[in-house]
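Engineer: Mind looking over this structure? Questions follow.
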């Protein structure tokens, strides 16, 4: 140090200034590298939750943050490439104009689309009904597919092909979601492999290498201490249960296996009942709504009927997981497998409910009895713009899902907390505070995200609603966890839960590919609305665009699009 001070003493002013500037620059760069960590959404909140309730619950909130960011990016994509060009053209920015191509060899009846907009004096109740169902004034907005009846937009001297942009942006958000989930799944899978490799090794890692020596804040140190303590307690609980399972007698094993078979029969019966109810209610709702449209009737009873599918699905999604969570307690599994099995049952219930709803809708749209489809290829009399109808169903499911989450917190969890705290009645004390069940909460947001992936093609601004919804849900769940609920008696570890959450989310994404793919390539596009009204299906815009390329490039692209190449590539 003395030598360094002696060297500095004999340096020129220029060199002293240069050395001081270099030090300052290094310090600024070092602080700048750490700046992004402070910009991470909900960083402090999630660290606080981790220290208080453990890494299992923290992984749920981190998962919720990931979905907020994913939906925001999907919204940016759809808004930038689909909605913004129509806004620019509507307001004549950059000398932009709209190009509408007249329909080619299309029956006039197929082009008639008269949405049931609100005319004359309208009650506030009607606006509220439209806000919940996506009908009325909302049906004619940029929220739904039917609004985008534009073939091209001229922005200054550039021609913007909106139908092609609409389709490519749909592929882009699905591909982005797939790659991002796979990337995060690989990271979670590595952690899961390391943990499952040797339990003693993970114990040593927690005890001897679990502490973060960069922590200087006392509060942060306390949070880290609680987090490690919680994980060690979880490890001990799991080992205790493994020992209990190892010492079971043959009689106990037979009793448990018989009980598990019986409970699985009950689960299958519940699932079958839910699917049949949704199918019957959807068909009934569509028939009643279509009769009212045909007779030009709009009454309160008809308005209530159109909500039936969403109400039944929401009730099934709320009641089903409660029953499954109750039944799993009698099957006597390890905590990690208990959560996995409950989650898989609930996933099958919720995602299959969406599939049954879409199947019911498509059976009505493609109902060609009595020559209903002859001129247009679909039931144009009842569904002149069927894409907007599907978008409205997805919109209703998302709105009702949010209402249920909010209502359960306000009208079930908070009153239960007050009663348990201030009433000494034995039955209430026996029920106690509700547990923060990670499987149920994860499933709620995976279900909502699957709806968003399916519905974005039919409702381009649905990701914006999903972003706001999950942003609010984060604070609802945080307040509920801190003030009205308690952590589960059987905690789970974050290393396995992170990977499993993403694996289930991936199942939801793969399920979303099916209805979106069928809608794009399998069902004739509406001739009365939307950007693809001049094409038999939405997919036809791709070969139509490719035909404008040079012949050599055409052959390469058609070869890549052939089944012999595309199907193996997709499977890989």
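Glycine residues also receive a Cβ, built from the backbone N, Cα and C atoms like all the rest.
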Engineer: TrEMBL tags one of 211-233, 234-256, 257-279, 280-302 as transmembrane segment - which one?
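Structural biologist: It is 257-279 that TrEMBL annotates as transmembrane segment.
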Engineer: Looking at the ranges 164-182, 183-201, 373-391, 430-448, which is given as transmembrane segment in TrEMBL?
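Structural biologist: Checking TrEMBL against the ranges 164-182, 183-201, 373-391, 430-448, the transmembrane segment one is 164-182.
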Engineer: Looking at the ranges 307-330, 451-474, 475-498, 547-570, which is given as transmembrane segment in TrEMBL?
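Structural biologist: Of the candidate stretches, TrEMBL labels 307-330 as transmembrane segment.
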Engineer: For the feature transmembrane segment as recorded in TrEMBL, pick the matching range from 394-412, 527-545.
Structural biologist: 394-412
Engineer: Is it the case that the transmembrane segment (257-279) and the transmembrane segment (394-412) have 3 or more CB pairs under 8 Å, with pairs at least 6 apart in sequence?
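Structural biologist: No, the stretches stay apart by this measure.
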Engineer: Below 8 Å between Cβ atoms, which of the listed ranges 66-88, 307-330, 342-362, 394-412, 499-523 makes the most pairs with the transmembrane segment (164-182)?
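Structural biologist: Comparing 66-88, 307-330, 342-362, 394-412, 499-523: 66-88 has the most Cβ pairs near the transmembrane segment (164-182).
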Engineer: Short question: which residues 6 or more past the ends of the transmembrane segment (66-88) have a Cβ under 8 Å from it?
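Structural biologist: Residues 41, 94, 96, 142, 147-148, 150, 153, 155, 160, 162, 165-166, 168-169, 172-173, 176-177, 180, 184, 445, 449, 452, 456, 460-461, 463-464, 466-467, 470-471, 474 contact the transmembrane segment (66-88) from elsewhere in the chain.
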Engineer: With Cβ-Cβ distances below 8 Å as the criterion, list the same-chain residues six or more beyond the ends of the transmembrane segment (499-523) that contact it, or say none.
Structural biologist: 59-60, 63, 167, 170, 174, 177-178, 181-182, 184-185, 188-189, 191-192, 340, 343-344, 347, 351, 354-355, 358, 362, 365-366, 378, 386-387, 390, 442-443, 446-447, 449-450, 453-454, 457-458, 537-539
Engineer: What residues in the same chain, six or more past the boundaries of the transmembrane segment (342-362), come closer than 8 Å to it by Cβ-Cβ distance?
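Structural biologist: Distant Cβ neighbours of the transmembrane segment (342-362) are 267, 270-271, 274-275, 278-279, 282-283, 286, 309, 313, 316-317, 320-321, 324-325, 328, 389-390, 393, 397, 439-440, 442-443, 446-447, 450-451, 454, 500, 504, 507-508, 511, 514-515, 518, 523.
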